[in-house]
Number of protein chains: 4
Amino acid sequence: MSHNTFGHLFRITTWGESHGPAIGCVVDGCPPLVPLTEADIQPWLDLRKPGGSRFVTQRQEADRVRILSGVFDDGNGPVTTGTPISLMIENTDQRSKDYGEIARAFRPGHADYAYQAKYGVRDHRGGGRSSARETASRVAAGAVARKVLGDGVRIRAGVVQLGPHRIPDEAIDFDAVYDNPLFAASAEVVPAWEAYLDGVRKAGSSIGAVVALEVTGVPAGWGAPLYAKLDAELASGLMSINAVKGVEIGAGFAAAELSGEDNADEMRLGDDGLPVFLSNRAGGVLGGVSTGQPVTARVAFKPTSSILTLRQTIDRDGQEVDLRTKGRHDPCVALRGVPVVEAMAAIVLADAKLRHRAQIG
Amino acid sequence: MSHNTFGHLFRITTWGESHGPAIGCVVDGCPPLVPLTEADIQPWLDLRKPGGSRFVTQRQEADRVRILSGVFDDGNGPVTTGTPISLMIENTDQRSKDYGEIARAFRPGHADYAYQAKYGVRDHRGGGRSSARETASRVAAGAVARKVLGDGVRIRAGVVQLGPHRIPDEAIDFDAVYDNPLFAASAEVVPAWEAYLDGVRKAGSSIGAVVALEVTGVPAGWGAPLYAKLDAELASGLMSINAVKGVEIGAGFAAAELSGEDNADEMRLGDDGLPVFLSNRAGGVLGGVSTGQPVTARVAFKPTSSILTLRQTIDRDGQEVDLRTKGRHDPCVALRGVPVVEAMAAIVLADAKLRHRAQIG
Amino acid sequence: MSHNTFGHLFRITTWGESHGPAIGCVVDGCPPLVPLTEADIQPWLDLRKPGGSRFVTQRQEADRVRILSGVFDDGNGPVTTGTPISLMIENTDQRSKDYGEIARAFRPGHADYAYQAKYGVRDHRGGGRSSARETASRVAAGAVARKVLGDGVRIRAGVVQLGPHRIPDEAIDFDAVYDNPLFAASAEVVPAWEAYLDGVRKAGSSIGAVVALEVTGVPAGWGAPLYAKLDAELASGLMSINAVKGVEIGAGFAAAELSGEDNADEMRLGDDGLPVFLSNRAGGVLGGVSTGQPVTARVAFKPTSSILTLRQTIDRDGQEVDLRTKGRHDPCVALRGVPVVEAMAAIVLADAKLRHRAQIG
Amino acid sequence: MSHNTFGHLFRITTWGESHGPAIGCVVDGCPPLVPLTEADIQPWLDLRKPGGSRFVTQRQEADRVRILSGVFDDGNGPVTTGTPISLMIENTDQRSKDYGEIARAFRPGHADYAYQAKYGVRDHRGGGRSSARETASRVAAGAVARKVLGDGVRIRAGVVQLGPHRIPDEAIDFDAVYDNPLFAASAEVVPAWEAYLDGVRKAGSSIGAVVALEVTGVPAGWGAPLYAKLDAELASGLMSINAVKGVEIGAGFAAAELSGEDNADEMRLGDDGLPVFLSNRAGGVLGGVSTGQPVTARVAFKPTSSILTLRQTIDRDGQEVDLRTKGRHDPCVALRGVPVVEAMAAIVLADAKLRHRAQIG
């Protein structure tokens, strides 16, 4: 993808730094006549919003979205007009003093050194452009993408592994996700996971996690071989999320241990004349094109790099220093990553829907 | 990415079907004055070529590449001119009769049904456009990309897991890869793996595998946050390879089990004033930008879907049928995937190099 | 170009409607460490600003630009950071009531019917997205592009024909442009042109014009054949400006009457070893690539379509109606088009500079 | 546009040099199930083919096109499959010796110097990549675009001005174009124009010309404001043709002399409920979107720069030299430009059709 733009026909361009006056997003290529108000977007932002529980950063942001363009009410309620939709979220709780000590030192595991090496300058305040705060723009754009996809396409994600603790595949319940502060895809694991994550948090440490994604209602035919394959676009979109280090489609890495007999999903014929697949190792994508099965993926998040333990690093002046990253951080960045994973899936799929319609009609 | 084009400034556009007269590739945006002849490309194609051992398809293809444009000898040997480089490989061993019986039935695990559902037509001969034969074009283009990167950037890949058999991280030896017919990243495992894969092959079955990638010599600063992150582009490029179902950067899914202390790579200062990282969990990429460490990734390949066992499926006429996929197939498609993984990494990095140079100078 | 984005490496994405809360622009791909403040942008906006004389719309807009991202002061003054620069201009004088009567009728010569036919909805207030108000975003982005180009590249434009009145080529003086309210490229014509345009204005009519462009300091080599030719990109950028109906490079349409002897610019050698061209019929571009000569173009603007005369048209209800377009309009839209032509030239050239650097180094 | 690719959804990527083994084109994004054989393409190439009359270059090229991919016959005749269509035309009459003397000297008016300055190398044989021979690829791709547009969209062009000789607007007759060797849009002018052009040819000189374009059957709604405006895309596509120096839409430069009353096309209602425009100053495009009127444009071609008169120039060694460009040249390059103008219009419109369908459905 190009710079800060993601998508080909349904395109988002995001801007803004963690501690600047605002962040935002231009959603371009949206079809016209889609009913849209700020109330369609805000609930998704509220899910990702900081300060919601003791398991996420205590930064207080209202994360109120404003629609600045692209929507018009011609008497039948506000609808998209087919022109760019500009979304803006003001930053209100930028305590830049929190970050003063990291202006010169490069925080291990963060983008600090890489940005400085590339650009020769970086907005160090709260991580600047590399802050996960940018993902609020993705979530806002994702809400628009969901409207483009319609209710028939259902996108759900949840935490299925927290550090060493995994939810067995057969116990995954996406309905549980937004009913617990851990975004866990199972109500049962919540008490134990809360205790575990409290320990991590109190130790000033952090932990990684895995988020699973399942999208139902995607018809057969979306995706454009060979380099715009649906799975390749999903991989691109999901890997672009802060802290993500791995993406699997369907059986993913487990497919490496499967035989051809166990891996290839057999087909029978359904009553509606569409195929019924007897399994879903493929994750709903074959040859880069959707098959009509649920699209499934798993995304690995690394642990938050901001921890209280003293760490060895270097600074801009070429000195070796030891650094402790104070501030307001998530003990597990993957939790608030759940709505972001959903949003990126929505954006990829809305784009795929329009691209498919373009070529096939 | 767009349709059949990959890359932004260093761009490849591939074309061709498994059983058409030829396949090929247009490499556009290549810098001028890069020495280039067919002899620079052919050795990489020979590595990927079918028919090289009993572990790969017995299709006999010379895979001779021709350069049709973009190279000119002005007296000092052939060099690129900055104009499009057209590469063509003729198909010479298309036994279409082998595939006659699959013209109507959809092979489980293949793109057959998805293509038919999308396009309403498909070239079924040998998988047509969805055949892994297309990857020859990638390998040819990758050879050009390597020339753009220069000798300082070293790209190596190898099989590190074959079905259930894994090479321990500390035993991985990329120097061994092209000295054994399994492209295994360890000479030691070869006898056992050969025996194992012979068993798979003789059973008419297939098995998945994992390919590891390591690129050294990438300077700090390549990659363009946020949606052209180097790791997102790698994920897109690698996931677009036939049969790939998962991509990890650095620690990948293992990062989900790491604490912040164990994951974030600490830094000390080297004699050259550049940082020395004390570990490489990041896989050489932070915030989407290279750090100067080796860029590392792992890629999961599913098993070949063409197997001799009878499988349940449906056909274009809406009938349930049982199908046995005869033909000449790889028992483990990941083996010949090794040069393809290297090629896609080369293409992503050559593009990143040019994009970095554009913005930074 | 794609939707509302122009440029490949130096890219602008604009958003906003004439009577929405604001308009704006995201400038992406800007090199880092370019000194930039709002004071670098505001003067160019002031040149284009409405309300400046009796010859332009009397809408009162301060057109104050705000930089919302992408600039950081690390102690040595604000510089670009290489991340997206979000620019916003609030709309303050949207008298929507002025436009109430055109909510249903399609104004002849305007985009009203075409937008309605395409989208099934349009923001009719002041022309909505199709209003020339959007060009303020281009001018703001153009100011950033000028900084990327540096002082060595000098971009100047001016009105050289107002209706039937032309400035002879040899009398064109770009230094005069911003010293007269007509943006005329000659001080001498101003009194006569003022009298002429006063007549047009008082009659409630409007008139077309031609704007000439000259860019000096472009080195040889910019532009990327074949489809990213510098002249093709200029044509795309200039033709995208509201009301533009024609673009010429160099001799332009006059070249159709020239012989090969008169058209091809001969070369002698300058003291600096660079060619000295004996004429500039080519307009500084050969084969789509700059030659080092001044890049010259001419742009035809149609007359403002909003006039006081009663005109025949139809409305959304399928009725034939007669319409008089009241409101606050420019009698010659080309006047304020002068800074817009300069801005688009700056954007095209900044993009060409980065693209050239990418491929050639 | 990017490098050697034109179009967004319907995309062409061309390659090849004048004196290389072949030239060609990859057409990507074509909808599936479009009947297509080489016989659909060849007639258009034959129109552009060199050697057809004494008014065009005497180079003898069969210009036989081969389809190498993307078309499949599943029993009902060959149709597109939605995958890339690779088209190749072999070069058969490359007399490189003709061009030996220009290997070092830069021909005035040609791309020679600009390419050398940009790339540091150029294929000088027959102009290499900058040769108008490349336009054969455009014509081949245009033939595919026409099939995508269908018979309802009729694209016609013709020469309307040859040097100083113009066909009055009211006498333009596109039906005459392919019945005379001058591609003149009027049978009446042919004898006089032949005599005139014979004079030019015998003098070893050349002359410019203007080609008019008219496309009927484009429905209202195509084009994507703001930077993918239909007129901006046409301007980009037409200006990218070799030797083109100017592009007008509708009234074009004449609009600069029109009043608002004379320029804005009034509307009445037709029997079919669609508007009937009372004039077509707009050239069928308002606000960048088609209105349903014929899309009209005019394109200015400069004279061929290869002439027999001795001209002053410089060479690669930094010497001033005098050069006479021998070889086989067109006395008026615009003649064979007629099918190229049509082809680029077809490509722009096919792309616009798909983009419109993507967003609007």
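Using the three backbone atoms N, Cα and C, a Cβ is placed for every residue, glycine included.
Just so you know, TrEMBL annotations never went through curation; they're auto-generated.
What TrEMBL lists as NADP(+) binding site is B:ARG48, B:ARG54. Under the heading FMN binding site, TrEMBL lists B:ARG129, B:SER130, B:SER131, B:ASN242, B:ALA243, B:GLY287, B:LYS302, B:PRO303, B:THR304, B:SER305, B:SER306, B:ARG328.
Everything TrEMBL records as a feature, shown here on the structure.
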| residue | record | contacts (Cβ under 8 Å, 6+ apart) |
| --- | --- | --- |
| B:ARG48 | NADP(+) binding site | B:ASP63, B:THR135, B:ALA136, B:VAL139, B:ARG336, B:PRO339, B:VAL340 |
| B:ARG54 | NADP(+) binding site | B:PRO181, B:ASP198, B:ARG201 |
| B:ARG129 | FMN binding site | B:GLY16, B:GLU17, B:SER18, B:TYR115, B:ARG122, B:ASP123 |
| B:SER131 | FMN binding site | B:GLU17, B:SER18, B:ASN242 |
| B:ALA243 | FMN binding site | B:ALA132, B:PHE301, B:LYS302, B:THR304, B:VAL333, B:ALA334, B:GLY337 |
| B:SER306 | FMN binding site | B:ARG107, B:HIS110, B:SER206, B:THR325, B:GLY327, B:HIS329 |
Quick note, binding-site residues B:ARG54, B:ARG129, B:SER131 vs chain D, Cβ pairs under 8 Å, ordered by sequence, gives B:ARG129
Filtering the binding-site residues B:ARG48, B:ARG54, B:SER131 for a C-beta under 8 angstroms from chain A leaves none
For a quick check of packing: other C-beta atoms within 10 Å of the C-beta of B:LYS302 (FMN binding site), how many? 30
A correct count of other C-beta atoms within 10 Å of the C-beta of B:THR304 (FMN binding site) gives 28
Through the lens of DSSP with three states only, how would you label B:ARG54 (NADP(+) binding site)? coil
